[in-house]
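One structure is given below, encoded as structure tokens.
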């Protein structure tokens, strides 16, 4: 298989602040990745000048991160690495300010999460304690539908590669991920040193007692020794090409000589030239004249593609960021009057009751929504109701809530269209809650604008 033919997968790296996420991720990208020798030499030189003589992989990631935060678009190849089967993109590593928001509205759904645990004495305990970030990140990944997990026990060199310590941590972590919702049998546990490279890409000689990881899923059993092999054993995701088209708009451009060009990422389905699309909640229907990606004309835009498409007889004022395009003949998108969602409160200083109206980030939409009614409080692991019509919910609680958007908005249920069915609740400049949409009350507000181009195309 040539480099071109590898299937793409996305991973997200989670874990406590000092677990060594950057070092581990940096190491993989450095050894198997898209960073060319020149960039590495440049980084090494800078590191030496700054007295970071022990140039290690975290530096790679810190460089990339600071550039990303300063808004310098880094060649996204820098966040990629190869396994024998996959081309892997690291879609985010926490520590980034908007990590939680990115993970939810994020440009893409992670296919697998790698949970990095620090094995040092005291470190592990801190990371996994009640209020630890580890718990929040793992819960978030599970809630948002990331069903595959790999656990890397990092910094094994700090506990002298002790087998007892390894067993103790595997046992504790298994209990911990079970509480979140994962089945430990389907999770590979890999002891590593992201700093020294043990069991990252090649099997380590420091732990003769370690016989390798194994995992068992519906698809069968797989085994291996290294973290790279565990990533290679991720089950290939099925991309939703057969679902109806949903394409949330990131921007709409007016390009002279061409016209109106909406831009966004195809989440489900396929967009093709000649298709008649409906934009919701704008309720405008028109024909797609052409589709392009990276300045090349496409015959079809598939899930995951960031495309621009040219539409006729529609002005820039009529469609905007946050609108969703879909095929007018196949379950077209519509605006909603209200929706019910399972909301998990992460960190709100007070109590949340009926009438609370924060801003929701759902796909590319950014709209204030009112918590119209707290319907029931639920056990967030089982989803079973524990209290009907609670007065308030607080941090740590999960509830089914009826939400009413303050202005027209297009969302979908999580089971039908995952990327349009999860949202972040933002207030006080942070993510205070996350939600997964259970059902949507769509508005059937009459027919909107149908352009001449659409009518013509419809007659063909």
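Positions of Cβ are set from backbone N, Cα and C atoms, glycine also.
Between the listed ranges 61-65, 66-70, 71-75, Swiss-Prot ties the annotation region 'G2' to 71-75. For the ranges 7-14, 15-22, the feature annotated in Swiss-Prot as region 'G1' maps to 15-22. From the options 150-153, 154-157, 158-161, 162-165, the stretch Swiss-Prot describes as region 'G4' is 154-157. In this structure, the modified residues 80, 317 were compared by how many other Cβ atoms lie within 10 Å of their Cβ, and the smallest count belongs to 317.
Using a Cβ-Cβ cut-off under 8 Å and counting only residues 6 or more beyond its ends in the same chain, the region 'G4' (154-157) has close neighbours at 19-20, 23-24, 116-120, 123, 166, 191-196, 198, 206-207.
Across the fold, the C-alpha of residue 80 (N6,N6,N6-trimethyllysine) and the C-alpha of residue 317 (N6,N6-dimethyllysine) stand 37 Å from each other.
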